[in-house]
């Protein structure tokens with residue numbers, strides 16, 4: 001990527017942080033999103049001495065770093081900027097596949113609560129959120145250690161638990177969502193958080209969680225990227241600006 005592309009990507013990652021915060025997927029100063037710009041360089045949300053939280057992320061908070069945590073270019077870690085302690089979440093996820101360019105490590109409360117309650121996220125609804133139902137149909141794995149993923153070894157453990165799925169629940173912690181785009185990594189997380197919220201509500205009301213009928217999948221089409229990502233993302237960005 002050239003310098004212009006990198007600057008544009010900073011804007012997108014910062015935007016994604018604000019969207020995730022507005023959606024309640026991360027709170028306060030916790031959580032981070034990244035985007036790979038070359039085989040060993042990524043843009044990632046870093047903290048600084050004047051950080052006011054993820055909901056107020058600026059493009060200048062998105063810093064270019066190497067996979068080893070050092071500055072990716074002169075000045076990138078100046079002015080008190082620090083790489084997240086859980087950088088291995090991002091690095092090991094990206095190392096697992098060249099198709100993974102974006103990683104969102106978030107703390108969605110309903111997902112954490114549902115997992116702790118022993119509730120598996122399954123496709124209990126269809127047209128309410130087709131991408132979310134499809135995601136759940138393939139299964140959502142769980143990394144069963146409630147640790148800060150601050151080492152290469154722990155990052156590899158998480159990636160192993162994730163397997164070939166785009167999202168893994170980190171028990172008592174949060175989730176990691178991976179995708180080819182920053183937007184998709186956040187939208188996947190938002191869909192699963194809504195599914196978890198709905199599942200908790202059904203169980204709390206005394207209901208039973210049941211997968212939709214197999215026959216219904218024939219009439220749950222892929223509405224395409226222009227709708228599922230493009231239109232939805234424009235809404236999320238506009239919504240985040242008003243929260």
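Cβ from N, Cα, C; glycine included.
Fair warning: this is a prediction, and the values are worked out from it, not measured in the lab.
What Swiss-Prot says about this protein:
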ACT_SITE  86  active site, proton donor/acceptor
BINDING   86, 105, 107, 173  divalent metal cation binding site
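Comparing local CB density within 10 A for the binding-site residues 105, 173, the maximum falls on 105. Same-chain neighbours of the divalent metal cation site beyond 86, 105, 107, 173, judged by a C-beta within 8 angstroms of the site's C-beta center, are, in sequence order, 30, 31, 32, 89, 106, 148, 149, 170, 174, 175, 176.
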